[in-house]
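Peer 1: Before anything else, here's the structure in question.
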Amino acid sequence: MDGNDNVTLLFAPLLRDNYTLAPNASSLGPGTDLALAPASSAGPGPGLSLGPGPSFGFSPGPTPTPEPTTSGLAGGAASHGPSPFPRPWAPHALPFWDTPLNHGLNVFVGAALCITMLGLGCTVDVNHFGAHVRRPVGALLAALCQFGLLPLLAFLLALAFKLDEVAAVAVLLCGCCPGGNLSNLMSLLVDGDMNLSIIMTISSTLLALVLMPLCLWIYSWAWINTPIVQLLPLGTVTLTLCSTLIPIGLGVFIRYKYSRVADYIVKVSLWSLLVTLVVLFIMTGTMLGPELLASIPAAVYVIAIFMPLAGYASGYGLATLFHLPPNCKRTVCLETGSQNVQLCTAILKLAFPPQFIGSMYMFPLLYALFQSAEAGIFVLIYKMYGSEMLHKRDPLDEDEDTDISYKKLKEEEMADTSYGTVKAENIIMMETAQTSL
């Protein structure tokens with residue numbers, strides 16, 4: 001009996017399975033066909049034999065003893081034409097986690113994560129990093145937003161919509177992830193504080209080494225009696241996060257030594273966001289198929305729409321509470337709602353058994369779709385209305401300048417030039433004094 005196609009009880013409802021009668025005829029176990037082989041012909045009495053093919057036959061014997069059949073599609077021992085009974089189970093196909101497409105997808109997800117983290121490291125300027133370490137406002141905001149607001153929001157949404165344990169773990173994992181490069185791009189488009197955006201993204205990524213497994217452990221207690229939470233691979237999650245430090249460190253080194261190359265890598269990593277999402281949607285949809293995609297509950301789609309929107313709103317409210325300037329409010333808003341979906345996808349793909357996650361592997365992709373669409377709407381509204389209102393100023397005199405340092409510099413220059421001014425009357429008086437001497 002081949003056990004390669006066996007799946008766990010949790011994932012069994014999503015897959016078709018075949019069963020075969022065991023040789024001792026006392027237990028029904030998983031297998032590749034359904035067979036009652038013909039017994040020996042010792043003694044009178046008919047014995048019914050059903051083979052996997054489209055036929056049936058009778059063989060003599062007082063007490064039929066079932067044996068494993070070796071017949072193929074040809075039927076039983078005494079085939080007499082096609083059987084009037086339809087075959088209840090078709091030959092079992094490979095599960096999606098054993099297909100070559102899934103193995104290729106694993107490689108693609110790992111490569112996309114490395115490119116993203118390399119680009120993230122290339123945004124770090126070592127000369128400016130020390131100032132943020134001495135005044136860690138950005139790091140504190142990142143910790144509060146990414147590991148305070150978002151995990152709590154994901155936990156409350158999972159409880160409110162009564163998600164099962166698999167969907168709840170996928171939502172929690174996405175909510176506990178750090179910020180991604182999308183927030184840096186969107187902050188640039190809304191004239192945000194880029195230094196704050198970069199330091200929040202970097203800080204949340206580094207803090208995720210400790211806080212992400214901690215948040216998963218805290219908020220998963222609501223489903224502690226379920227198999228997937230009992231087998232929650234916190235060590236593998238931490239190891240995956242640690243592996244992201246290598247491309248980040250390489251990116252910091254490239255920025256320090258070769259700044260022009262770092263600028264090129266940042267552009268490539270930003271454009272790779274779009275390519276990664278498109279390829280992941282196509283490959284995952286092809287691999288899972290319509291049956292598994294249809295098994296995603298409607299509540300998961302609602303959470304994927306509402307969760308980034310609530311993250312943007314809570315981030316803006318937190319920045320308002322701290323009385324930050326408008327450009328910093330927009331930055332914190334985008335940093336809170338934008339998650340590193342490449343990291344979330346990689347953890348779901350590489351750390352969890354695929355038979356446990358199933359179609360919930362699609363949740364971070366759905367989240368990425370809606371977080372990008374909602375952030376794009378926010379940028380569009382800002383470009384149409386917000387930029388004009390924020391840059392509107394009162395009419396000033398021609399000589400009036402709002403830059404205090406520049407005004408002071410002009411006053412000093414005017415004072416310096418007055419010291420060197422020589423008038424014609426003074427020249428005549430000096431010449432008269434010299435001739436009298």
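Glycine residues also receive a Cβ, built from the backbone N, Cα and C atoms like all the rest.
Sharing the features that Swiss-Prot gives for it:
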type: TOPO_DOM; residues: 1-103; note: topological domain 'Extracellular'
type: CARBOHYD; residues: ASN6; note: N-linked glycosylation site
type: CARBOHYD; residues: ASN18; note: N-linked glycosylation site
type: CARBOHYD; residues: ASN24; note: N-linked glycosylation site
type: COMPBIAS; residues: 51-60; note: compositional bias 'Low complexity'
type: TRANSMEM; residues: 104-124; note: transmembrane segment
type: TOPO_DOM; residues: 125-140; note: topological domain 'Cytoplasmic'
type: TRANSMEM; residues: 141-161; note: transmembrane segment
type: TOPO_DOM; residues: 162-197; note: topological domain 'Extracellular'
type: CARBOHYD; residues: ASN181; note: N-linked glycosylation site
type: CARBOHYD; residues: ASN195; note: N-linked glycosylation site
type: TRANSMEM; residues: 198-218; note: transmembrane segment
type: TOPO_DOM; residues: 219-233; note: topological domain 'Cytoplasmic'
type: TRANSMEM; residues: 234-254; note: transmembrane segment
type: TOPO_DOM; residues: 255-267; note: topological domain 'Extracellular'
type: TRANSMEM; residues: 268-288; note: transmembrane segment
type: TRANSMEM; residues: 292-312; note: transmembrane segment
type: TOPO_DOM; residues: 313-360; note: topological domain 'Extracellular'
type: TRANSMEM; residues: 361-381; note: transmembrane segment
type: TOPO_DOM; residues: 382-437; note: topological domain 'Cytoplasmic'
Peer 1: If you count the other Cβ atoms within 10 Å of each Cβ, which of the glycosylation sites ASN181, ASN195 comes out on top?
Peer 2: ASN181
Peer 1: How many helix, strand and coil residues does the topological domain 'Extracellular' (313-360) contain under DSSP?
Peer 2: 38 helix, 0 strand, 10 coil
Peer 1: Could you tell me whether the transmembrane segment (198-218) and the transmembrane segment (268-288) are in contact, taking contact to mean 3+ Cβ pairs under 8 Å with a sequence separation of 6 or more?
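Peer 2: The transmembrane segment (198-218) and the transmembrane segment (268-288): touching, no.
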Peer 1: Would you report the average pLDDT that the model assigns to the topological domain 'Extracellular' (162-197)?
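Peer 2: Looking only at the topological domain 'Extracellular' (162-197), pLDDT averages out to 85.
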Peer 1: Treating G and I as helix alongside H, and B as strand alongside E, what does DSSP give for the topological domain 'Extracellular' (162-197) in helix, strand and coil?
Peer 2: 24 helix, 0 strand, 12 coil
Peer 1: Assess whether the transmembrane segment (141-161) lies in contact with the transmembrane segment (234-254), where contact requires at least three Cβ pairs under 8 Å among residues 6 or more apart in sequence.
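Peer 2: They do not touch: fewer than three Cβ pairs between the two stretches lie under 8 Å.
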Peer 1: Grab the same-chain neighbours of the topological domain 'Extracellular' (255-267) for me: Cβ-Cβ under 8 Å, and only residues 6 or more beyond its ends, written as numbers and ranges.
Peer 2: 118-119, 121-126
Peer 1: Who are the long-range neighbours of the topological domain 'Extracellular' (162-197) in its own chain, taking Cβ under 8 Å and residues 6 or more past its ends?
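Peer 2: For the topological domain 'Extracellular' (162-197), the far contacts come to 10, 116, 119-120, 123, 128, 132, 137-138, 141-142, 146-147, 150-151, 153-155, 204-205, 207-208, 211-212, 215-216, 219-220, 222-223, 226-229, 232, 269-270, 273, 297, 299-300, 303, 307, 325, 327-328, 330-332, 334-344, 347-348, 352, 356-358, 360-361, 363-364, 367-368, 371-372, 375, 378-379, 382-383, 386-387.
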Peer 1: Can you grab the distance from ASN181 (N-linked glycosylation site) over to ASN195 (N-linked glycosylation site)? Cα atoms, rounded to a whole Å.
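Peer 2: Per the Cα atoms, ASN181 (N-linked glycosylation site) and ASN195 (N-linked glycosylation site) stand 13 Å apart.
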